[in-house]
Every structure is written in C-alpha cells, then in structure tokens.
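> According to Swiss-Prot, the active site annotation covers 114, 250, 280, on the basis of sequence analysis. The feature region 'ACP-binding' is assigned by Swiss-Prot to 251-255.
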C-alpha cells in the first residue's frame, strides 16, 4: 500500500473583461493575424481595476471546493503559486485562507513563475504523503496585466489573468502506476538563465517593474526541457509516453505546445489546449487547463495526465498523475 494525493475537485475563475487581439492594433504595430500565427492566442482576460490576484484565487478555490463537495474548514493547507501576489507580504495564500473563512491549518505561496503550479503540486503532494496534511487546496493565480509594458508588442500581447485550483486528498493506493493520484514529480532550475525572462523591478528597486523576455531564447530552451522533464517524470513512475492519455501543458505558446508533443511522440489530440482563449496565465495556466479539460469532457477519472511547465529562473518541471 502507498499513500497518494488524489484530485477530488477542480475549478477556475476568469475575469469578466475579455480582450481580443484586435484591441492591440489601436496602440501597437501588430495585427490579429500576427499574434495568432506566432502564439496561437486569440483573446485573453484582464482583471478589472481593483480586482487582485487573491480575488481571482478565492473564486477558483470556491469552485474547486464545490466540485469536491467539501468546505474550507475541511482543508488542512493552502499552497498558492503566483508571481503577482497582491502585496510583498503577507502571502496571497493567507488572504485566500481568510476569505474562505478557514481558521485552521496553514497557507503559503510558492513562486516559480510559469512553473509555479508544478512546484505547488509537488509541495502539496509532499505534505500529503508525509502525513502533514490530509487535504490540500492547490491554487495557481496571476494578474500579469499589472506587470506588462504596454509598449512592448513582443510581450504584452501574450499574457492574461486568471486562476485555477485543485483539491488534493490522501488516499491509500496499491503502490502501482494504476493508482489514482500523483505518481511522480520532476523539478529543475538553472539560474544561469535568469536574464532570459524576468521582471525589472522589485524590493531592491522600489518599483513594481515590467516583464522582460528574450522570446527566441526561451523558446529554444522550452521544447527541449519540457519534453525531457515530462519523460523523466514518466520514467520515475515506471511509465512512458505511450501510456499518456492527456498532456496538460503550461499554455504559453501553441508552437511550444506542439513542439513538445512532437518531441514526446504524441499527437495533438492528446493535448489539452486553452492558450487561444486565455493567453499565457503563468502559474494559473495548468490548473485552468485541467478545469477546462474536465468541463469539456476530455479528462476523465482514471486518465493518465502529464502536466509540464517552464518559467523564469529558468525553472521547469513535470507532474504525472492519474485523474
């Protein structure tokens, strides 16, 4: 027998404001066709004025709790992945904890940029299998619209705001790859590449700053590293690409998504794709895609799912789980 962290509920929230590609034609030297052809993105959601990352996270958390059929008081811990917390401190996770009316347990943020949700899943899994928590609420939430340079057409058209959440719960499994729950994790980072994707602000500068990215270099690293980490995670679970029902990748760019699937030898009809509707929502993109994939009827109980992501740091990783 082996303890597993099993998905019991999933949910997401998107701000009401939808911004199509055409909206950028008024202020930037760009077109809808240019954005679509290079990224696959057609539209994205932006938070309203005064709407914060913790607001989005709370709405997604409420949806996941409802899907799981449990109350916030039954949660032992909250792990929230974000790079755009409302304040330097306290954590966005503690803000969500308060808004959910959860007075027990503990809550903390994880920051690994676009790889954040994979890192958060790893943390939540460790809490559960080590006996430190029975139920963990795992959230990815971002308001990247707050750190965009609206004069930089190479970045500002790519990102969106949103949140997604999972409820993980301890269950006994047989200790085989047929168990439901998280089967394996692979995490990596290499700080030598920190200048490829970063924000030029923070406490040391006393400014919020804006996102800066060397897109071509990020793309070059992304496909190679994403396929590698996914295959490593599968190998750790005693599985291979042939066993995969769904890849649920970080939704950064359709060309990265396609390139990774091809490198893994998997057809695109085994990939959950939401980038066209949400843009790159950083740490929110994987839980958003998991929630949408379930709602579409793509992801079903018993399916083998691989999530993989790469972000600033560079940081990257993958999680293999049976839904």
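In case you wondered, yes, glycine gets a Cβ from its N, Cα and C as well.
On this model, are these features tucked inside or out on the surface, and what's nearby?
In the three-state DSSP classification, residue 114 (active site) falls within a helix.
Around residue 250 (active site), the same-chain residues at least 6 positions away in sequence with a Cβ under 8 Å from its Cβ are 114, 115, 226, 280, 285, 286, 307, 308, 309, 310, 311. In the three-state DSSP scheme, residue 250 (active site) falls into the coil class.
Residue 280 (active site): 24 other CB atoms within 10 A of its CB, across all protein chains.
For the region 'ACP-binding' (251-255), the model gives a mean pLDDT of 97.
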